[in-house]
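Record features (TrEMBL):
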BINDING   205, 231, 253, 344, 474, 479  substrate binding site
ACT_SITE  253  active site, nucleophile
């Protein structure tokens, strides 16, 4: 009887029958950012606490708001039924504090998911340890539970909580990166690019580069800054909503944190984030699998607004709110796209643009289905212009109005400014120039456009291909 082949032996045997494409380098998506681009009133760091086996690799990130008052805080969490302990704890903190917080702590290397009551206690221990760093900001009275917590990594394993707590307690507001010794073995809290980069690296698992961005914007003639980081490369197809939202469709681990020095009311910050997430993080897919840990957090500490400044609110300042919502949406789209570009083993970045739908939800649903089709994604990897798979995926789901095949069109759109290639027009297949089609799908970036002919609503999704490398990575992820 033949012995069972290991995954590596299988790939070695298969490699004799095909030549696998190597995923392009993604390092050019990360570059230094001027210190002046980051929002005021935050201290960050990333350090090695010992969650990950490899020495020196950052696995613990700490983010503190140093403004005089607690920051407005908002979050969108996974709707997975098996929510991880940090998701449950962060939801409780946000609800109890009515949308206020001062800190975020995150570990990578262990998801603290499906870990029972012990996992919950570990998440709360991380909250309490980080809260202790905030004492100089809270006054003598102090305030319990002002920290939001996130974790990412392997599911079903307990955190090495003693190592994490030791890492948190190694930090102090009294010793920041600007005053600490450059030779110190434990990086200190700071506000410069190095500190932000360390924090971004602490989020990473199978990511190939830290995902960090910053932007400046103005509201009512006042300049503000926004910066953020996220992580994710596999188990990516988020469906996130506000705390305690009703269960939605299963669409990760995807984690993200956005910080701004603008002053936004908690309710309006949550409203803007919910809108932005639906059009960014809830519109990406690497492999169609939703995580137990997906979390996006936004803090708005008002440090650039000045003491006593009035908070931007969607009811009392609708113009200012719309500007902020637009800026946050564009920013989260930028961060979300980085995750798809870094998809495990991905060689393609593909925009799926669905137009002519009865509702936005319908367009979003169709774009999601195309983006998660294994047949579409393997064709993308093979650079096979098999548009029939796109059409089959489109028609495989129900939307609010019946499809009319004679109104549907499909085309490939190159991003070099050259003409789109029609494949199906009003239900009639075109005689396709296969050489031109191959040219388009062999590019690293291109667009699939689907016109439904049923309305005026549209939605975009961003996805990548399925490669042999994706299978290799996930076949032995725990080792």
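A Cβ is built for glycine as well, from the same backbone N, Cα and C atoms used for every other residue.
Predicted automatically and left uncurated, TrEMBL annotations should be read as such.
Fair warning: this is a prediction, and the values are worked out from it, not measured in the lab.
This view paints the features noted in TrEMBL onto the structure.
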residue : record                 : CB count, 10 Å
205     : substrate binding site : 22
231     : substrate binding site : 28
344     : substrate binding site : 26
474     : substrate binding site : 16
